[in-house]
Amino acid sequence: MAEKRRPLLGFVGKLPSGTAAGNSGKTHCPLCRGLFEAPRLLPCLHTVCTTCLEQLEPFSVVDIRGGDSDTSSEGSVFRELKPRALQPQIGILCPVCDAQVDLPVGGVKALTIDHLAMNDVMLESLRGEGQGLVCDLCSDREVEKRCQTCKANLCHFCCQAHRRQKKTTYHTMVDLKDLKGYSQIGKPILCPAHPAEELRLFCELCDRPVCRDCVVGEHREHPCDFTSNVIHKHGDSVRELLRGTQPHMEALEEALAQIKGTSSALQERVKAVATDIHTFSEGYIKAIEEHRDKLLKQLEDIRVQKENSLQLHKAQLEQLLADMRTGVEFTEHLLASGSDLEILITKGVVVERLTKLNKVEYSAHPGVNEKIAFSPKEKAGLCRGYEVFGAINTKEVDPAKCVLQGEDLHRAREKQPASFTVLCKDATGESVGRGGDNVQVTVVPKDKKDSPVKTMVHDNKDGTYYVSYTPREPGTYTVLVCVKEQHVQGSPFTVTVRKRHRSHPGVFHCCTFCSSGGQKTARCACGGTMPGGYLGCGHGHKGHPGRPHWSCCGKFTEKSECTWAGGQSGPWSLLRTVAF
């Protein structure tokens with residue numbers, strides 16, 4: 001018996017919403033609401049009276065596992081890979097959680113008896129002064145005493161008879177009222193195969209309790225021991241499984257809390273803003289009241305707009321999930337039930353559909369946030385002739401209005417940082433004045449689109465974002481700038497990366513030898529000298545008397561790129577200088 005996905009008949013026998021049992025769930029049936037009578041434990045661990053279960057409407061399901069499969073393990077479905085004959089199976093739905101329950105061959109009465117529930121029923125009956133308890137022997141009179149040796153509830157007449165028999169003369173009898181403080185007073189659990197024998201032993205091979213007659217019969221030569229000797233081992237294994245289950249409960253609870261997060265945060269924020277608006281409006285009479293009403297109407301429009309966006313996002317995700325679930329269910333059914341030829345015929349359609357579904361892009365995060373703020377000090381113009389304050393701030397970035405600024409937008413140098421700034425604006429063209437937006441920048445070479453350049457985006461927290469990157473080699477690059485997954489104004493654009501700027505190895509100054517007309521006493525700022533006692537250096541730059549220039553290449557502009565190729569063969573090669 002295994003809990004499965006609910007079939008289309010999920011409404012059959014299900015309890016109305018909100019009927020979850022409280023403390024009475026240990027002793028009262030969730031269907032008839034009365035004390036349990038012959039309670040049966042379902043695989044979903046809910047307990048229901050045998051009679052109530054028999055009244056549920058059964059339905060037929062198909063068991064692909066075969067008649068000899070273990071109905072207590074859902075995992076056995078996957079052990080047999082070759083096709084087998086489809087076996088009819090009768091099932092019911094749990095009236096509490098709607099889980100599907102496959103009935104064993106013996107029907108409802110073959111389900112496990114919940115002895116713990118029976119014990120709780122007896123304890124509750126004792127607390128009610130024995131009302132509802134009848135004698136275990138005559139099944140007619142009310143109970144007065146209990147035989148602790150036989151664990152039987154007896155009326156006054158049967159109690160006297162019990163004492164008169166030799167075998168039971170010395171059994172301990174206890175008044176019913178003295179048992180109210182007990183936690184375990186259940187009857188002995190008898191063997192279903194040998195009703196006269198109590199289940200005291202446990203067969204390790206068959207993994208179930210047995211009696212003495214079972215040990216000498218069906219379970220001969222099986223490893224058996226008293227339940228008191230093996231309970232520690234089996235109890236520890238159950239506790240270990242319980243410890244492994246509890247973290248999953250916590251994770252599921254946290255997941256459910258996150259699902260409610262966005263909607264709840266939006267509602268709470270709306271309430272908070274509404275409270276701020278009401279507080280601010282109390283000081284103004286009709287003018288402020290009118291202004292307040294306008295603000296509340298605007299807030300409601302914002303709430304409707306954001307909730308509509310949330311619902312649209314939800315609908316899109318639900319549709320995608322439904323499409324994927326349809327594809328998965330059909331594929332699983334095909335692989336489990338289809339013949340080899342059927343699988344091969346259908347394979348193309350299935351592969352194409354699943355491949356298409358796997359490529360669908362979707363956002364796991366809501367596209368709408370709860371960012372709504374009330375600015376009480378912001379001027380809101382005149383209302384009935386009064387100057388009023390207070391405005392709702394929900395500025396959202398409009399990618400079409402965002403602009404790019406910077407000197408390096410369309411040119412850069414290899415292996416040198418290039419940068420520009422993204423200015424985020426709203427639909428009216430005004431700066432949003434805040435950060436936190438999803439700005440994505442991608443820089444890729446046109447001839448190597450699979451090798452993007454690493455980019456850094458710094459949020460300035462004022463609606464602007466500083467973008468920097470360093471191209472590795474010259475060429476043409478494409479830059480894509482997106483906000484909220486949409487291109488901003490001017491994106492994409494191209495950047496031409498030139499070779500790295502060559503700096504000057506020489507000195508930018510005026511050659512003293514040239515500018516002084518060859519005077520020996522004229523000093524040079526670089527500290528070099530010429531042979532013959534000249535204090536000024538001679539760089540051999542013809543036609544440069546008295547004009548500042550670079551000593552390495554002769555260029556007149558201080559901030560320029562050096563064109564000196566090096567060596568002594570070039571036209572601007574330096575004369576030998578002597579250290580001063």
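Placed from the backbone N, Cα and C atoms, the Cβ positions cover glycine too.
Among the features that TrEMBL reports, coiled coil is placed at 249-323.
The domain 'RING-type' annotation in TrEMBL covers 29-98. Taking the domain 'RING-type' (29-98) as a whole, pLDDT averages 69 in the prediction.
Taken from TrEMBL, the feature domain 'B box-type' covers 130-176 (among others).
Within the chain, the domain 'B box-type' (186-222) has long-range Cβ neighbours (under 8 A, six or more residues past its boundaries) at 115, 118-119, 122, 136, 150-152, 230, 234. According to TrEMBL, the domain 'B box-type' annotation covers 186-222 (among others).
Per TrEMBL, the feature repeat 'Filamin' maps to 394-497.
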Residue distribution over DSSP helix, strand and coil in the domain 'B box-type' (186-222):
5 helix, 8 strand, 24 coil
Tally of residues which DSSP labels helix, strand or coil - the repeat 'Filamin' (394-497):
3 helix, 49 strand, 52 coil
